[in-house]
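As structure tokens, the structure follows; a few thoughts come after it.
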Amino acid sequence: MRMSVGSAVPLPLWGRTFLLLLSVAVTQSHWPSEPSEAVRDWENQLEASMHSALSDLHETVPTVVGIPDGTAVVGRSFRVTIPTDLIASNGEVIKVSAAGKEALPSWLHWDPQSHTLEGLPLDTDKGVHYISVSAARLGANGSHVPQTSSVFSIEVYPEDHSEPQSLRAASPDPGEVVSLVCAADEPVTVLTVILDADLTKMTPKQRIDLLRRMRGFSEVEPHNMKLVPVVNNRLFDMSAFMAGPGNAKKVVENGALLSWKLGCCLNQNSVPDIRGVEVPAREGAMSAQLGYPVVGWHIANKKPSLPKRIRRQIHATPTPVTAIGPPTTAIQEPPSRIVPTPTSPAIAPPTETMAPPVRDPVPGKPTVTIRTRGAIIQTPTLGPIQPTRVSEAGTTVPSQIRPTMTIPGYMEPSTVTTPPTTTTKKPRVSTPRPATPSTDSSTTTTRRPTKKPRTSRPVPRVTTKAPITRLETASPATRMRTTTSGVPHGGEPNQRPELKNHIDRVDAWVGTYFEVKIPSDTFYDNEDTTTDKLKLTLKLREQQLVGEKSWVQFNSNSQLMYGLPDSSHVGKHEYFMHATDKGGLSAVDAFEIHVHRRPQGDKAPARFKAKLTGDPAAVTNDIHKKIALVKKLAFAFGDRNCSTITLQNITRGSIVVEWTNNTLPLEPCPKEQITALSRRIAEDDGKPRGAFVNALEPDFQAMSITVTGSGSCRHLQFVPVAPPMRVPSEAPATEVPDRDPEKSSEDDVYLHTVIPAVVVAAILLIAGIIAMICYRKKRKGKLTLEDQATFIKKGVPIIFADELDDSKPPPSSSMPLILQEEKAPLPPPEYPNQSMPETTPLNQDTVGEYAPLRDEDPSAPPYQPPPPFTAPMEGKGSRPKNMTPYRSPPPYVPP
């Protein structure tokens, strides 16, 4: 009984142990091997349960890492492939946009088929752009549910950036030709095609497609091309040594420059075959393929843009840093010594090489010096320098102490060249004379004059002298420079620049714009190197700077001398070019500018004249406005070379500008070419065309244009259009060599306007005088209307003598009517004479009057008075007067 109970309740010791081991084994077989797996399994079960219960809730979007940041360069194509397999799976939509925005930047284009992001940035797109790439899945309600997202940045660098990202991002094929790489001081030969297009109006895809279509002509990959807009209407490069035309007759848009490299330091003889560009550009095949008119092309050598030296702070507080010296090797180890150093910086043993192994100077090869910004401290040496080992104090003295530093940062190489060992006299510099080209319009390539011989490229001096020992310590900085120099300049005094090649002489012509680029090998400075690193100043003989109103100007930034002389500047002028280095020392080169008379004189076949609004004094007294006017006139004709325009005169009458075109041949008369040029700028009635107005705006406003033939076309009038005049054949006039060409326009005005007007006025005046004399003579002897009216009103009838009847004379009113049968009246009674003396008879007068009647016979016939007008009248309107008074007879007394 006891045994059964005892064996049933308490288990033996080995039984409990066996059960414990069995339970542990079973538990381990079902438990995960790692705690993380259990956690993940639990999270997956929890996520599945939450998704089944809350299917409408958005899930948290995880961030996917895998798209690296990139960089782009202005004018270069950018292309990057998005690794969509890391973001999206089957059935998901990829959306690419600017971070925080709905669309991409204006210069980027996303291609969903190839999953590439490409574009071509302009100067306005510089900076950092953040791009967001997200994957979304179509939800049950039709909306896109974001799944994953990633953000990366693209930094756009300026145009002159040294290493374009497009070369790295494009990932060219293994068999593709690598882009040309020139030496640091070697110019790059670039071919540029000018297009009549506006890049700001293009989409990013159109810009990339333009580069791809150009690949058929250039045989260069798009990422090796450069596409930039035209700045300040500079379509053509004045330094080009080859050029050719396109099919575009005029420029409408702002313009675009598409260029690529041809080689390094090429010239006219070493340029590769460019017929694949020259012929299609001229014939229009390139324009048809690209979709934009081609204005022309040119080839020029471009200087590489070397990184500028960063100004350092001289009095910076030195901070002790650890300097790692280059490894040294020695066959026999000499005894160690200690060289005193300032502030005893801790110098670690050489564990990492940041400079080439130390070797003796090799003739003809430069040495490398690593410098940092900060204070420079010279390390004194004791006795001759010998290779040593590291001493117990931790100071290392190498065989030749080299400048070393351990500050990590950006290494920027720069090259310092040595002056040339030989000097060659440079020939005279002259601007291309505006010669008369041939009438053959098929010429497509324009070559510059023969290349001027220059001195050979500077060769580094051969030296075996060890470089100056220098130990540099600097405060913490983030940049350091690697300077390659043929001759060390540390510690040497500043030397004056040297004149290597003289400018000598510059030729210019009256009324023609000229410009001269000062060559880079004119001066040389040991510290600042070539001329373009020096400061140039143009002065007169008395150390006076050239004024703003001078006819010749100089741009010290671009080192370009330009001007526009007039007839008063004919002759020789002396100027001085001063080159100053950074230390203030200068060198001088004296040269002459020879101004010649107009190349065509009075033989130009046509004279163009435009009337502009404004004050002519503001143009004639400002050389910059005058040059701007010449450039605008050349631009209106489609000529980028301003020397094709010769300014003849600027007169009053608003602004009357007269010029000639040097591209026209003198003989025979180029009537078709002049007509084409005239129609380019003016209508048939003399009104300016819109292209001419736009070319002159906003500085000048055109009012009217006149194109008159001269020289071989002197009998033609082009604008306003007039029928040609027939001129009788006559012997050619003798040319006057000293005639002032500026007076020819005034002579033409007098000949065609003033003299005919004076002749017509004189003829009209003489005709008027003759008509007046004839009128006066015709009116002489006639009464006026007043006189005629007076005579008619106050006059009496006139009876002439031949109108009277002689048989019966009319009775006269002056005699009494006496009948024939009547007897004469009795005589008056006689009175005695004893009358008083003081008394007079009353009829004394009557008795006296009729006294003769008493003496006559009473039987005599009565008195017959003469007719009234027996004699001619003494005057008009006079009336006969009775001289004797008449009185009535006495009363009749019958017998």
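Glycine is no exception: its Cβ is also placed from the backbone N, Cα and C atoms.
Residues or ranges marked as compositional bias 'Polar residues' by Swiss-Prot: 393-403 (among others).
Feature annotation from Swiss-Prot assigns compositional bias 'Low complexity' to 413-447.
The feature compositional bias 'Polar residues' is assigned by Swiss-Prot to 832-846 (among others).
Positions annotated as compositional bias 'Pro residues' by Swiss-Prot: 859-870.
Sequence annotations record features per position, and here Swiss-Prot assigns domain 'Peptidase S72' to 603-712.
Per Swiss-Prot, the feature N-linked glycosylation site maps to N141 (among others).
The O-linked glycosylation site feature in Swiss-Prot is assigned to T317 (among others).
Taken from Swiss-Prot, the feature O-linked glycosylation site covers T319 (among others), and the record attributes it to similarity to another entry.
Sequence annotations record features per position, and here Swiss-Prot assigns O-linked glycosylation site to T379 (among others).
According to Swiss-Prot, the N-linked glycosylation site annotation covers N641 (among others), on the basis of sequence analysis. Under the DSSP three-state reduction, N641 (N-linked glycosylation site) is assigned to coil, being neither helix nor strand. Under 8 Å, Cβ to Cβ, and six or more positions away along its own chain, N641 (N-linked glycosylation site) finds F236, A634.
Every protein chain shown contributes to the tally, and the Cβ of N649 (N-linked glycosylation site) ends up with 20 other Cβ atoms within 10 Å. For the recorded site, N649 (N-linked glycosylation site), the DSSP three-state label reads strand. The N-linked glycosylation site annotation in Swiss-Prot covers N649 (among others), and the record cites sequence analysis as its basis.
In three-state terms derived from DSSP, N661 (N-linked glycosylation site) belongs to an extended strand segment. As annotated by Swiss-Prot, N-linked glycosylation site applies to N661 (among others), with the evidence given as sequence analysis.
Residues or ranges marked as region 'O-glycosylated at seven sites with GalNAc' in Swiss-Prot (evidence: similarity to another entry): 463-485. In the predicted structure, the region 'O-glycosylated at seven sites with GalNAc' (463-485) carries a mean pLDDT of 36.
Sequence annotations record features per position, and here Swiss-Prot assigns signal peptide to 1-29 based on sequence analysis.
What Swiss-Prot lists as topological domain 'Cytoplasmic' is 776-895, and the listing cites sequence analysis.
Summarising the annotation, Swiss-Prot assigns transmembrane segment to 750-775 and lists sequence analysis as the type of evidence.
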Cβ atoms near N661 (N-linked glycosylation site) (within 10 Å, other residues, all chains): 23
Rounded inter-Cα distance in Å - N649 (N-linked glycosylation site), N661 (N-linked glycosylation site): 14
